[in-house]
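Asks: Positions annotated as N6-acetyllysine by Swiss-Prot, on the basis of similarity to another entry: 275, 295.
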(Lines of atoms letter the chains of each structure in order from A; the text may use other names.)
(Lines give C-alpha, C1' and ligand atoms only; values in the text may rest on other atoms or scores of the structure.)
Protein backbone atom coordinates (compact mmCIF):
# COMPACT_ATOMS: atom_id res chain seq x y z
CA UNK A 1 0.00 0.00 0.00
CA UNK A 2 1.09 3.54 -0.75
CA UNK A 3 1.15 6.27 1.88
CA UNK A 4 0.09 9.63 0.48
CA UNK A 5 2.45 12.52 1.12
CA UNK A 6 1.34 14.70 4.00
CA UNK A 7 3.17 17.74 2.64
CA UNK A 8 2.36 19.54 -0.61
CA UNK A 9 5.23 19.09 -2.99
CA UNK A 10 4.23 21.95 -5.32
CA UNK A 11 4.49 24.47 -2.48
CA UNK A 12 7.80 23.10 -1.27
CA UNK A 13 9.42 22.93 -4.72
CA UNK A 14 8.20 26.42 -5.67
CA UNK A 15 9.40 28.04 -2.44
CA UNK A 16 12.70 26.13 -2.44
CA UNK A 17 13.43 27.35 -5.97
CA UNK A 18 12.56 30.94 -5.05
CA UNK A 19 14.77 30.83 -1.95
CA UNK A 20 17.63 29.23 -3.90
CA UNK A 21 17.53 31.85 -6.65
CA UNK A 22 17.33 34.67 -4.11
CA UNK A 23 20.31 33.29 -2.17
CA UNK A 24 22.29 33.11 -5.42
CA UNK A 25 21.52 36.77 -6.15
CA UNK A 26 19.42 36.02 -9.24
CA UNK A 27 16.75 38.42 -10.39
CA UNK A 28 13.38 37.38 -8.90
CA UNK A 29 10.76 36.13 -11.34
CA UNK A 30 6.99 36.37 -11.18
CA UNK A 31 4.95 33.44 -9.90
CA UNK A 32 1.22 32.82 -10.32
CA UNK A 33 0.06 29.28 -9.56
CA UNK A 34 -3.38 28.03 -8.52
CA UNK A 35 -3.85 24.33 -7.83
CA UNK A 36 -6.12 21.93 -5.98
CA UNK A 37 -5.62 19.26 -3.34
CA UNK A 38 -7.77 16.55 -1.77
CA UNK A 39 -10.98 17.51 0.09
CA UNK A 40 -11.73 20.47 -2.16
CA UNK A 41 -8.71 22.42 -0.93
CA UNK A 42 -7.39 25.19 -3.18
CA UNK A 43 -3.91 26.77 -3.07
CA UNK A 44 -2.62 30.00 -4.57
CA UNK A 45 1.04 31.03 -4.86
CA UNK A 46 1.57 34.57 -6.09
CA UNK A 47 3.43 37.87 -5.80
CA UNK A 48 1.18 40.22 -3.79
CA UNK A 49 0.65 43.54 -5.58
CA UNK A 50 3.04 42.36 -8.30
CA UNK A 51 6.08 42.60 -5.99
CA UNK A 52 8.40 39.82 -7.21
CA UNK A 53 10.47 39.98 -4.02
CA UNK A 54 7.48 38.74 -2.02
CA UNK A 55 5.89 35.30 -2.31
CA UNK A 56 2.47 34.62 -0.82
CA UNK A 57 1.09 31.12 -0.21
CA UNK A 58 -2.66 30.96 0.43
CA UNK A 59 -5.06 28.12 1.15
CA UNK A 60 -8.83 27.87 0.89
CA UNK A 61 -10.76 25.23 2.87
CA UNK A 62 -14.55 25.15 2.76
CA UNK A 63 -14.62 23.90 6.35
CA UNK A 64 -12.06 26.32 7.84
CA UNK A 65 -14.65 28.09 10.03
CA UNK A 66 -15.33 24.76 11.76
CA UNK A 67 -11.59 24.34 12.36
CA UNK A 68 -11.38 27.87 13.76
CA UNK A 69 -13.81 26.83 16.49
CA UNK A 70 -11.19 24.32 17.62
CA UNK A 71 -8.19 26.64 17.71
CA UNK A 72 -6.89 26.60 14.13
CA UNK A 73 -5.91 30.29 14.19
CA UNK A 74 -3.91 29.90 17.39
CA UNK A 75 -2.09 26.80 16.14
CA UNK A 76 -1.12 28.50 12.88
CA UNK A 77 0.22 31.53 14.77
CA UNK A 78 2.32 29.20 16.89
CA UNK A 79 3.73 27.34 13.88
CA UNK A 80 4.21 30.16 11.35
CA UNK A 81 4.75 33.22 13.53
CA UNK A 82 5.49 36.37 11.53
CA UNK A 83 4.99 34.59 8.19
CA UNK A 84 1.25 34.46 8.90
CA UNK A 85 -0.51 37.53 7.46
CA UNK A 86 -4.07 38.62 6.78
CA UNK A 87 -5.54 36.20 4.22
CA UNK A 88 -5.95 37.36 0.66
CA UNK A 89 -9.47 37.67 -0.72
CA UNK A 90 -11.14 34.32 -1.33
CA UNK A 91 -8.75 32.37 0.91
CA UNK A 92 -8.68 31.45 4.59
CA UNK A 93 -4.97 31.52 5.43
CA UNK A 94 -2.01 33.29 3.83
CA UNK A 95 1.74 33.07 4.44
CA UNK A 96 4.12 35.77 3.18
CA UNK A 97 7.84 35.29 2.48
CA UNK A 98 10.31 38.09 1.76
CA UNK A 99 13.01 37.01 -0.70
CA UNK A 100 15.15 40.00 0.34
CA UNK A 101 15.13 38.83 3.94
CA UNK A 102 15.58 35.06 3.78
CA UNK A 103 15.07 33.02 6.98
CA UNK A 104 18.06 31.24 8.47
CA UNK A 105 16.45 27.79 8.51
CA UNK A 106 15.20 27.77 4.92
CA UNK A 107 14.60 24.02 4.69
CA UNK A 108 12.46 23.97 7.82
CA UNK A 109 10.46 27.00 6.67
CA UNK A 110 9.83 25.43 3.25
CA UNK A 111 8.71 22.16 4.84
CA UNK A 112 6.29 23.90 7.20
CA UNK A 113 4.78 25.80 4.27
CA UNK A 114 4.18 22.48 2.54
CA UNK A 115 2.39 21.24 5.69
CA UNK A 116 -0.14 24.09 5.66
CA UNK A 117 -3.21 21.92 5.06
CA UNK A 118 -2.08 19.40 7.66
CA UNK A 119 -1.51 22.13 10.22
CA UNK A 120 -4.99 23.56 9.62
CA UNK A 121 -6.43 20.10 10.30
CA UNK A 122 -4.19 19.50 13.33
CA UNK A 123 -5.96 21.89 15.69
CA UNK A 124 -9.03 19.72 16.21
CA UNK A 125 -6.92 16.63 16.90
CA UNK A 126 -4.55 18.42 19.28
CA UNK A 127 -7.50 19.84 21.21
CA UNK A 128 -9.13 16.45 21.82
CA UNK A 129 -5.83 14.68 22.43
CA UNK A 130 -5.23 17.25 25.17
CA UNK A 131 -8.71 16.63 26.62
CA UNK A 132 -7.88 12.93 26.86
CA UNK A 133 -4.50 13.60 28.44
CA UNK A 134 -6.13 15.82 31.08
CA UNK A 135 -8.85 13.23 31.71
CA UNK A 136 -11.67 15.53 30.61
CA UNK A 137 -15.00 14.00 29.66
CA UNK A 138 -18.30 15.44 28.53
CA UNK A 139 -16.77 17.87 26.04
CA UNK A 140 -18.87 18.46 22.94
CA UNK A 141 -18.06 16.23 20.01
CA UNK A 142 -16.21 17.96 17.17
CA UNK A 143 -18.05 17.80 13.85
CA UNK A 144 -16.06 18.78 10.74
CA UNK A 145 -17.79 18.69 7.35
CA UNK A 146 -14.55 18.18 5.46
CA UNK A 147 -16.36 17.42 2.19
CA UNK A 148 -19.79 18.43 0.89
CA UNK A 149 -21.36 15.07 1.78
CA UNK A 150 -18.81 13.60 4.20
CA UNK A 151 -18.10 14.38 7.85
CA UNK A 152 -15.47 13.74 10.51
CA UNK A 153 -16.37 13.34 14.19
CA UNK A 154 -13.88 13.55 17.07
CA UNK A 155 -14.72 12.72 20.68
CA UNK A 156 -12.52 12.28 23.77
CA UNK A 157 -12.84 10.14 26.88
CA UNK A 158 -10.48 9.53 29.79
CA UNK A 159 -8.82 6.55 28.16
CA UNK A 160 -9.28 7.15 24.43
CA UNK A 161 -10.05 9.48 21.56
CA UNK A 162 -12.54 8.25 18.97
CA UNK A 163 -12.32 9.55 15.41
CA UNK A 164 -15.09 8.64 12.96
CA UNK A 165 -15.04 9.39 9.23
CA UNK A 166 -18.17 9.13 7.14
CA UNK A 167 -17.53 8.49 3.47
CA UNK A 168 -19.60 8.06 0.32
CA UNK A 169 -18.92 5.23 -2.12
CA UNK A 170 -19.75 6.05 -5.73
CA UNK A 171 -20.88 2.54 -6.71
CA UNK A 172 -21.29 -1.02 -5.44
CA UNK A 173 -17.79 -1.99 -6.59
CA UNK A 174 -16.29 0.68 -4.33
CA UNK A 175 -18.23 -0.73 -1.36
CA UNK A 176 -16.89 -4.25 -1.98
CA UNK A 177 -13.28 -3.10 -2.39
CA UNK A 178 -13.61 -0.79 0.61
CA UNK A 179 -14.78 -3.67 2.81
CA UNK A 180 -11.84 -5.82 1.71
CA UNK A 181 -9.48 -2.92 2.34
CA UNK A 182 -10.82 -2.35 5.86
CA UNK A 183 -10.54 -6.07 6.61
CA UNK A 184 -6.80 -5.74 5.96
CA UNK A 185 -6.63 -3.14 8.73
CA UNK A 186 -8.26 -5.58 11.13
CA UNK A 187 -5.77 -8.26 10.13
CA UNK A 188 -2.92 -5.77 10.56
CA UNK A 189 -3.95 -5.07 14.15
CA UNK A 190 -3.62 -8.76 14.95
CA UNK A 191 0.00 -8.57 13.83
CA UNK A 192 0.69 -5.35 15.77
CA UNK A 193 -0.92 -4.93 19.16
CA UNK A 194 0.15 -1.29 19.30
CA UNK A 195 -1.98 -0.36 16.28
CA UNK A 196 -5.24 1.51 16.95
CA UNK A 197 -8.53 -0.31 16.75
CA UNK A 198 -10.22 0.23 13.37
CA UNK A 199 -13.93 -0.50 12.82
CA UNK A 200 -15.98 -0.29 9.64
CA UNK A 201 -19.75 -0.06 9.38
CA UNK A 202 -21.81 0.02 6.20
CA UNK A 203 -25.18 1.78 5.75
CA UNK A 204 -25.67 2.54 9.48
CA UNK A 205 -23.55 4.87 11.65
CA UNK A 206 -21.63 3.36 14.59
CA UNK A 207 -22.95 3.51 18.14
CA UNK A 208 -20.77 6.56 18.86
CA UNK A 209 -23.04 8.54 16.51
CA UNK A 210 -26.33 7.26 17.86
CA UNK A 211 -29.04 9.96 18.06
CA UNK A 212 -27.18 12.24 15.63
CA UNK A 213 -28.06 13.31 12.10
CA UNK A 214 -25.36 11.02 10.65
CA UNK A 215 -26.20 9.95 7.10
CA UNK A 216 -27.70 6.53 6.37
CA UNK A 217 -27.71 4.75 3.00
CA UNK A 218 -26.45 1.90 0.85
CA UNK A 219 -23.50 3.98 -0.36
CA UNK A 220 -22.51 5.32 3.08
CA UNK A 221 -19.66 3.89 5.13
CA UNK A 222 -18.20 4.81 8.52
CA UNK A 223 -14.60 4.22 9.57
CA UNK A 224 -13.92 4.45 13.31
CA UNK A 225 -10.46 4.82 14.86
CA UNK A 226 -10.07 4.24 18.58
CA UNK A 227 -6.88 6.01 19.66
CA UNK A 228 -5.35 5.20 23.03
CA UNK A 229 -2.81 7.28 25.03
CA UNK A 230 0.09 5.57 23.24
CA UNK A 231 -1.22 7.15 20.02
CA UNK A 232 -2.10 10.58 21.44
CA UNK A 233 0.75 11.37 23.84
CA UNK A 234 3.11 14.27 23.13
CA UNK A 235 5.75 12.14 21.38
CA UNK A 236 3.36 10.22 19.12
CA UNK A 237 0.60 12.70 18.32
CA UNK A 238 2.30 14.45 15.39
CA UNK A 239 2.70 11.19 13.51
CA UNK A 240 -0.86 10.16 14.42
CA UNK A 241 -2.22 13.42 13.01
CA UNK A 242 -0.11 13.04 9.86
CA UNK A 243 -1.59 9.63 9.16
CA UNK A 244 -5.18 10.00 10.28
CA UNK A 245 -6.11 13.30 8.63
CA UNK A 246 -5.36 11.83 5.18
CA UNK A 247 -7.12 8.51 5.78
CA UNK A 248 -10.22 9.20 3.72
CA UNK A 249 -8.09 10.20 0.72
CA UNK A 250 -5.84 7.18 1.34
CA UNK A 251 -8.85 4.83 1.29
CA UNK A 252 -10.40 6.16 -1.91
CA UNK A 253 -7.02 6.43 -3.64
CA UNK A 254 -6.45 2.72 -3.08
CA UNK A 255 -10.00 1.85 -4.17
CA UNK A 256 -9.32 3.61 -7.48
CA UNK A 257 -5.90 1.93 -7.80
CA UNK A 258 -7.46 -1.48 -7.12
CA UNK A 259 -10.14 -0.96 -9.77
CA UNK A 260 -7.52 0.18 -12.29
CA UNK A 261 -5.35 -2.85 -11.50
CA UNK A 262 -8.28 -5.27 -11.85
CA UNK A 263 -9.28 -3.63 -15.14
CA UNK A 264 -5.72 -3.92 -16.47
CA UNK A 265 -5.52 -7.59 -15.48
CA UNK A 266 -8.88 -8.30 -17.12
CA UNK A 267 -7.76 -6.66 -20.37
CA UNK A 268 -4.51 -8.66 -20.32
CA UNK A 269 -6.39 -11.92 -19.65
CA UNK A 270 -8.88 -11.16 -22.44
CA UNK A 271 -5.98 -10.57 -24.83
CA UNK A 272 -4.47 -13.94 -23.83
CA UNK A 273 -7.80 -15.73 -24.42
CA UNK A 274 -8.11 -14.17 -27.88
CA UNK A 275 -4.64 -15.39 -28.79
CA UNK A 276 -5.58 -18.94 -27.71
CA UNK A 277 -8.80 -18.80 -29.73
CA UNK A 278 -6.98 -17.52 -32.79
CA UNK A 279 -4.47 -20.36 -32.58
CA UNK A 280 -7.27 -22.93 -32.22
CA UNK A 281 -9.25 -21.67 -35.21
CA UNK A 282 -9.11 -24.22 -38.10
CA UNK A 283 -7.59 -23.09 -41.37
CA UNK A 284 -10.07 -22.36 -44.12
CA UNK A 285 -10.43 -25.26 -46.57
CA UNK A 286 -8.91 -24.62 -49.96
CA UNK A 287 -11.60 -25.01 -52.62
CA UNK A 288 -10.50 -26.92 -55.66
CA UNK A 289 -11.47 -25.17 -58.88
CA UNK A 290 -11.52 -26.67 -62.38
CA UNK A 291 -11.77 -25.31 -65.88
CA UNK A 292 -14.39 -26.40 -68.38
CA UNK A 293 -11.90 -28.98 -69.61
CA UNK A 294 -11.61 -30.35 -66.04
CA UNK A 295 -8.11 -28.98 -65.45
CA UNK A 296 -7.42 -27.93 -61.87
CA UNK A 297 -6.12 -24.48 -60.91
CA UNK A 298 -5.75 -22.52 -57.68
CA UNK A 299 -7.24 -19.10 -57.11
CA UNK A 300 -4.96 -16.30 -55.93
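Placement of Cβ uses the backbone N, Cα and C atoms for every residue, glycine included.
Values in this document were obtained by computation on a predicted structure and should not be read as measured data.
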Asks: Around residue 295 (N6-acetyllysine), how many other C-beta atoms are within 10 angstroms of its C-beta?
Replies: 8
Asks: Which state, by DSSP, holds residue 275 (N6-acetyllysine): helix, strand or coil?
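Replies: Note: residue 275 (N6-acetyllysine) is helical by DSSP.
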Asks: Enter the number of other CB atoms within 10 angstroms of the CB of residue 275 (N6-acetyllysine).
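Replies: Here the count is 10.
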Asks: Give me the CA-CA distance between residue 275 (N6-acetyllysine) and residue 295 (N6-acetyllysine), in Å, as a whole number.
Replies: 39
Asks: Tell me whether residue 295 (N6-acetyllysine) sits in a helix, a strand or coil according to DSSP.
Replies: coil
